[in-house]
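Report on the following structure.
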Amino acid sequence: MVVSPKIAPSMLSSDFANLAAEAKRMVDLGADWLHMDIMHLALSKGYLVSRYSRVYNSLCYSGRHFVPNLTIGAPVIESLRKHTSAYLDCHLMVTNPMDYVEQMGKAGASGFTFHVEVAKENWQELVSKIRSAGMRPGVALKPRTPVEDVYPLVEGETPVEMVLVMTVEPGFGGQKFMPSMMDKVRALRQKYPTLDIEVDGGLGPSTIEAAAAAGANCIVAGSSVFGAPEPGKVISLLRTSVEKAQPIT
């Protein structure tokens, strides 16, 4: 295969009271990565707060500024790291990702994915700092962000190693998978055949074929895995779909 499938259950959909056990369960059922969303949680009037899966999950603004509280932060990553050797795929939805690199590295994060929308001016420094902290750099883009915005980060002297295409608008609960985002995935796959391309939002048995056919190989799935009677079968289905979509070499 040109790129290997990486199935990453979103731990935001897990039972937080038993996070270590849930992580072990997912790995035992065949998960490659554990997806950890690091997001600001708005507590004040005027901030956007939404329900995503079973926990509060938000990309929150007051004007253009995020609030400082986090849903999952470095202490949770550090605690979980004591109980698993799994790849912790951390997606930071924050306006100041540079401030979190050192603490996430020390906590044991494996991957550090930041948003291109907040790092257009300092991404070279940010990527270098992520690598120096022992983590794998990735960049994410929201649905309204042109895919071309991430090209320089993939082609740079110190490039990111993964692009995460959001297939729902972050910060709003109850959304459906956005098929139109597959144009971005296709463009990335055509341009970068060996790049890890991740998709997040509304992924499950009914949407994986479209994502895999477009070229996504890293699949984040929350409620479709944790809410399934047999999560292992869903993980296997996601993996098989990615494998079948791989071009013959």
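Glycine too: its Cβ is placed from the backbone N, Cα and C atoms.
Remember, TrEMBL labels are computer predictions, not curated facts.
What TrEMBL says about this protein:
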BINDING   Ser10, His91, Gly171, Phe172, Gly173, Gly174, Gly202, Gly222, Ser223  substrate binding site
BINDING   His35, Asp37, His91, Asp200  divalent metal cation binding site
ACT_SITE  Asp37  active site, proton acceptor
ACT_SITE  Asp200  active site, proton donor
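Within 8 Å of the Cβ centroid of the divalent metal cation site, not counting the listed residues His35, Asp37, His91, Asp200, the chain contributes Ala8, Ser10, Leu12, Met36, Asp89, Cys90, Thr113, Leu164, Val220. A straight line from the CA of His35 (divalent metal cation binding site) to the CA of Ser10 (substrate binding site) spans 5 Å.
Cβ-based crowding with a 10 Å cutoff singles out Ser10 as the top-ranked of the binding-site residues Ser10, Ser223.
Gly202 (substrate binding site) sits 15 Å from Asp37 (divalent metal cation binding site), taking the C-alpha atoms as the reference points.
In this structure, the binding-site residues under consideration are His35, His91, and the one with the smallest number of other Cβ atoms within 10 Å of its Cβ is His91. Here the CA atom of Asp37 (divalent metal cation binding site) lies 8 Å from the CA atom of Ser10 (substrate binding site). Each of the binding-site residues Asp200, Gly202 was scored by how many other Cβ atoms lie within 10 Å of its Cβ, and the smallest score goes to Gly202. Cα separation, Asp200 (divalent metal cation binding site) to Ser223 (substrate binding site), rounded: 12 Å. Its Cβ placed at the centre, Asp37 (divalent metal cation binding site) has 27 other Cβ atoms within 10 Å.
Annotated pair Ser223 (substrate binding site) and Asp37 (divalent metal cation binding site), C-alpha to C-alpha distance, rounded: 14 Å.
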